[in-house]
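Student: A single structure is presented below for examination.
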Amino acid sequence: MFISSNHTINKFVLLGLAESPDVQLLLFGVFLLIYVFTLLGNVGMMTLVRTDPHLHNTPMYFFLHHLSFTDACYSTVIMPNMLVSFISRNKDISFTGCVAQLYSFVFFGIVECYLLAIMAYDRYAAVCSPLRYVVMLPKTVCVWLVSTSYLLGFLYAAIYTGCTFGGPFCNSNVINHFFCDIGPLLKLSCSDRFLREKVIFAFVSLNGISTSGIILISYLYILSAVLRMRSVQSRSKAVNTCTSHLMVISLFYGTGFFMYLQPSTSHNGLDKVAAVFYTLVTPLLNPIIYSLRNREVKEAFMKHMKSLRLH
């Protein structure tokens, strides 16, 4: 469907992941399960941290609580609309709905980037200065760091959304994606999008370099501290405290950089696969990774289950 340049678009059409009705029905079942388990995992992690005094008063789990909240919201921004489109065959999304979806998606994505960077610094403090861990990250500092993440998410989301919707859409209203994302939307713009793409690329690079830089520097210090440890047990404990975080970072940043640190002309069919991973699969895996790889979380979960059986 092509739209004339003097016509105001009031809706977009999302092509989604598949056109075949049978495949869409199959995808509905798969993604419904993913969404249900994503909510169960992340809400469960939030509940566990809130109810267990030890976890609640430890900086790492304070950050993990907000990461789980972000993941649950991040997935909810995209998944319900996609599930409805699978069963209703209606792939339309209003212009306002598309703006809101893009803004919310970017907001929670940016917050997650900064939370992962903060958690890297948290691991640095725990491994390199264990005796000063609580002093380096008191409650007020933790709250300030998380609040700053949300503020930066708010600002970045406004910039990205403003640049994406800053020109007329007169080429088409059909988005070759399963949600309103920056790249597919910019392709529909009929005005010169070069400057807007450069602004978005600059801020994505700034965000990516700043957060990944914090993560890299933190882990270089951690690696240096681990190599200086004489005890094998101490080394193993230090590595175990970082493994979960490293796995989550690899999943999120790997697919995110693939999507957003390349020009729009370089995007191809793999974009949807990468997008599925960092928008839908990563929020599902994060609580699983932290649950399976973290002794304190497992102990808190078992204690919580015992208390439920007693009641």
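Using N, Cα and C of the backbone, Cβ positions are placed for all residues, glycine too.
The following feature annotations were taken from TrEMBL:
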{"type": "TRANSMEM", "residues": "25-49", "note": "transmembrane segment"}
{"type": "DOMAIN", "residues": "41-290", "note": "domain 'G-protein coupled receptors family 1 profile'"}
{"type": "TRANSMEM", "residues": "61-82", "note": "transmembrane segment"}
{"type": "TRANSMEM", "residues": "102-121", "note": "transmembrane segment"}
{"type": "TRANSMEM", "residues": "141-159", "note": "transmembrane segment"}
{"type": "TRANSMEM", "residues": "199-222", "note": "transmembrane segment"}
{"type": "TRANSMEM", "residues": "243-261", "note": "transmembrane segment"}
{"type": "TRANSMEM", "residues": "273-292", "note": "transmembrane segment"}
Student: Among 25-49, 61-82, 102-121, 141-159, 273-292, point out the range having the most Cβ pairs under 8 angstroms from the transmembrane segment (199-222).
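Tutor: Answer, by Cβ pair count: 102-121.
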Student: Below 8 angstroms Cβ to Cβ, which residues of this chain, lying six or more residues outside the transmembrane segment (25-49), approach it?
Tutor: 17-18, 55-56, 61-62, 64-65, 68-69, 71-72, 75-76, 79-80, 82-83, 86-87, 280-281, 283-284, 286-288, 290-291, 297, 300-301, 304
Student: Grab the pLDDT values for the domain 'G-protein coupled receptors family 1 profile' (41-290) and give me their mean, rounded.
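Tutor: Summarising the domain 'G-protein coupled receptors family 1 profile' (41-290) by its mean pLDDT gives 87.
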Student: Look at every Cβ pair spanning the transmembrane segment (141-159) and the transmembrane segment (102-121), keep those 6 or more apart in sequence, and say whether at least 3 of them are under 8 Å.
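Tutor: Yes, since the transmembrane segment (141-159) and the transmembrane segment (102-121) share at least 3 Cβ pairs closer than 8 Å, they count as touching.
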Student: If we skip the immediate neighbours and take only residues 6+ beyond the ends of the transmembrane segment (102-121), which ones have a Cβ under 8 Å from one of its Cβ atoms?
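Tutor: 60, 63-64, 66-67, 70-71, 73-74, 77-78, 145-146, 148-150, 152-154, 156-158, 160-161, 164-165, 179-182, 185, 207-208, 210-212, 214-215, 218-219, 245, 248-249, 252-253, 256, 279.
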